[in-house]
Amino acid sequence: MSTTMIFVGLILSTILATASNSWLLAWLCLELNTLSILPFISKTKHPRAIEAATKYFLTQATASCLLLLAGTSNAWLTGTWDMTQMSNKLTSTTMLIALTMKMGTVPTHFWLPEVLQGSTLLTALLISTWQKIAPMSLLFIMSNNIQPTFTLTLGLLSTAFGGWGGMNQTQLRKMMAYSSIANMGWTVITLTHEPKASMINIFTYITLTTPTFLLMALTSTKTLQNMTTMWSTSPLATTTMALLLLSTAGLPPLTGFLPKLIIMNELVTQNLTPLATMTMMTSLLSLSFYLRTTYLTTLLNPPSSTTSATKWRQKMTKNKTMILLPTATASTFMMPALIP
């Protein structure tokens, strides 16, 4: 019963935050959202989980303080809490930093890999997907008042740091965290020029990440070493995981290529071709560790020694399969249906 109430609070706080038009109400909903996710992070009663919950709370509390400071300053300058009245550069920049800290972009990204590593796979799924909806919706509302140079810089740095950080990881949750940082960079980089492209990118990322984490949870896969024996749990899951990773990397004709194509087109349209080129170059860093993981999943035979523990065909429950199948299908072959 308590878990259900907390989950309902998590959903309602996100919905109210996205539907609000006042910074005070948005701040209140984001605080409720933070308090709702903390029991899920610390549920395992492990020191690493408690550490992750503490880091998450401190980071989100700092971001909430900045958000309240920016909202109060803006209300003092303009006489209203309305989100669309963010004409002051200082308050809009402070608000941007607060919201990007909640999403986990450079330079306030250091908490995300540690928090995901200390959480369970399903909790990491919530942090990587659902928890980004409310801050991104608020950024979408104030996108007309954000400084373009600032968002372009944050986006380019996030794609670069996300690619570099993920290359040296052996833990899949940390790798997915750096993947999230890189994808948030793609989202932020075109926020002021074409906010709709940013929304397409974030929801495509959520569609890709959901089946990836569900497959990891169903097959008890947490490290790159586990990926080499994933075929013993389910050959179909192995193939689906490979397609999901390639789609997240942005290879055509998979779904993940579509938002990157739209964003690149928008940057070139705005005469930002050098920035578009640098962003594509940084995406090659992410592509390298996605390809490495795909290689370990599908093309590498595990050692057959008697000392290596090998999983074998765990039972897939009907409820989990019903969630996994539509999201995995949409994550891999949606692109032809989305191109106008």
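Any Cβ shown, glycine's included, is placed from N, Cα and C.
Caution: TrEMBL annotation is automatic and unverified by curators.
TrEMBL lists transmembrane segment at one of the ranges 115-137, 230-252, namely 230-252. Looking up the ranges 199-218, 279-298 in TrEMBL, the one annotated as transmembrane segment turns out to be 199-218. As annotated in TrEMBL, transmembrane segment covers the listed stretch 57-78 rather than the other ranges in 13-34, 57-78. Distant neighbours of the transmembrane segment (90-112): 23, 30, 55-56, 59-60, 62-64, 66-67, 69-71, 73-74, 77, 127, 131-132, 134-136, 138-139, 142, 145-147, 150-151, 154-155, 157-158, 160-162, 177, 180-181, 184-185, 188; these residues of the same chain sit at least 6 beyond its ends, with a Cβ under 8 Å from one of its Cβ atoms. With a threshold of 8 Å between CB atoms, the same-chain residues lying at least 6 positions outside the transmembrane segment (57-78) that come near it are 23-24, 26-27, 30-31, 34, 38, 85-88, 90-92, 94-95, 97-99, 101-102, 108, 111, 115.
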